[in-house]
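What follows is a short report on a single structure.
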Amino acid sequence: MKQTTHPPDHRPADVRNGAAHAAPPPARGRRRRRPPSTQWAAWGFLAPVTLYLALFYAYPLYRNLDLSLRDYTVRSFVQGDAPFTGLANYRKVFDDPTFAPALLHTALFTAVCLVFQYAIGLALAVFFNQNFRLSATLRALFLVPWLLPLIVSASTWSWMLNSESGVVNATLHAVGIGPVNWLTSPSWSLTSVIIANIWIGVPFNLVVLYSGLQSIPAGLYEAAALDGAGSWRRFWSITFPLLRPVSAITLLLGLVYTLKVFDIIWIMTKGGPADSSTTFATWSYQLGFGNLLPAFGPGAAVGNLLVVAALVFGLVYVRVQRKQALS
Amino acid sequence: MSRSRRRTWLKTTIGVVLTGVMLFPVYWMLNVSLTRDQNMRKSPPDLLPLHGTLAGYRTVLDEQLPYLGTSLVIGLGTVLLTVLLSAPAGYALAKLRPRGGGFLSFVLLAAQMIPGIIMAMGFYAIYLQLGLLQSVPGLIVADSTLAVPFAVLIFTAFMSGIPGELIQAAQMDGARALRTFRSIVLPMSRNAVVTVSLFAFLWSWSDFVFASTLANGGAHEPITLGIYHYIGNNNQQWNAIMATAVVASLPAAVILVLAQRYVAAGVTAGAVKD
């Protein structure tokens, strides 16, 4: 959302962030003269969203925390009288044999996706920044993978990577490479979901980095060209350093959104085979919803660890963005 | 032909090839959706659907229409709820300087960082008690959490660009805050309404996490679950699966064609300093 989106959200995803900072901060001196009637009006307008945040963000999060601190069974889940067990669920999760692989896979998945999405996105942004014929149209087409529902992308990749009938193995066969069990072999499943997720994440990096490139004055390049700097040199001494603030934002947002990627992995491999592509997000879902006997407590505990990680990097992001807004 | 013009053509060619590589999976989805069952496991697979069939799409019409309808209703409901909640909030944050507004913006930012799967688990626990599992309104509320924080930030950014004189002039004429908002601010924010609506619809249409936790097995399941059940049940009929995927991608395609500039605006909003 994604996304992302994003991741979204993918997201992207998803791609949402502090546009609010575009609003000019009220001047300190004027703060005292805010008439009370405006305050009433302001909070009147804000009341629905505040109530909404409390009911549909804070309360589910609180319920999730509560889930992780009690010993829930299906029965007590319905009746709501599960005994309080403190951090027992967290201890159970830490001692679980899945913990170490899930941690490793989450770190690997996030790092590899970020590096490739950023590198490919940047290369494409530089390429499209040259404004040739059709460049705007082609750039728009690059958004397609990011806009598609994740289930669509994931099922398409599943079929493309199918061991017997997938087009990827057919292509490999044509150049003399034997079939790879992309989704069914423990040594390839993580690679497969990483490839699919990079494909989804490139558009976001491309669009954001491209708009960053647009704000670099063309005069700088002309001056460097006059000094005899080649295009490689111009990239490393002008583009890359001047793009650093935008790069930092892109990578941090990407990090937060990649940490929580769930759909792609679950639809393509369900975290398997044998946990070989399990991350914290899929593990949490697996515990809570993936089995006949749900383990809501440990599932919520894993989820909360993920929330903490996402919020830590989210705070770093907010700090970086504030600093950039001030400079 | 001059040298620079030839170089432009070279770049266009490279651009077309790169776009082709990037969009190959999308083409492959189309190709498979048109492939006959007996050719599905052919090796090597046909690169063009020359002996194609529309059987997959017929299956979609027969089996998936209820799912598509549910997704449409949920998408529109999410758009409505999101705009109703976030447009007034954006106005307040942009123009009325509420005490504590900065903190609220921070909370909204943090809200976007929370992984969907955690929200889903919390919603599941709450809906189970309220009896809202497998209900359309329940899913609309859950899906709106994907869009509301983003929407408030978009509205805030957009509305702070509306000249203060206009709003003051309205107030001099004796218009109350609500009327100023309705008759001046909202009409001027049409672009923001479009951007927010597009993303809210797209995210709710594409949602899988909430659907699979909160709506699974119910009478009204969205299209993402329709595809997911397909993958789980009939592994053989990939033309039907891919045909459903193509149909499920239509909103994204329409949005890309009709509203591409809004999409790009939404993606970059705030990520890049002006």
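Heads up, the Cβ atoms here are built off N, Cα and C, so glycines get one too.
Record features, source TrEMBL:
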- B:12-30: transmembrane segment (TRANSMEM)
- B:67-94: transmembrane segment (TRANSMEM)
- B:68-259: domain 'ABC transmembrane type-1' (DOMAIN)
- B:106-127: transmembrane segment (TRANSMEM)
- B:147-167: transmembrane segment (TRANSMEM)
- B:188-206: transmembrane segment (TRANSMEM)
- B:238-259: transmembrane segment (TRANSMEM)
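Counting C-beta pairs under 8 angstroms (sequence separation of 6 or more), the transmembrane segment (B:147-167) reaches the transmembrane segment (B:67-94) with 3 or more such pairs. Within the chain carrying the transmembrane segment (B:67-94), a Cβ under 8 angstroms from the stretch's Cβ atoms is held by residues 101, 104-105, 136-137, 139-141, 143-144, 146-148, 151-160, 162, 181, 185-186, 189, 192-193, 196-197, 200-201, 203-205, 220-226, 247-248, 251, all 6 or more beyond its ends.
Outside the transmembrane segment (B:188-206), and at least 6 residues removed from its termini, the chain residues within Cβ reach (under 8 Å) are 71, 74-76, 78-79, 82-83, 86-87, 90, 140, 143-144, 146-147, 150-151, 154-155, 158-159, 162, 166, 222-224, 248, 251-252, 255, 259, 262-263, 265-266, 269. Listed as Cβ neighbours of the transmembrane segment (B:238-259) (distance under 8 Å, sequence separation of 6 or more from its ends, same chain) are residues 26, 29-30, 32-37, 40, 53, 55-57, 59-60, 63-64, 68, 71, 75, 194, 198, 201-202, 205, 223-224, 226-227, 230-231.
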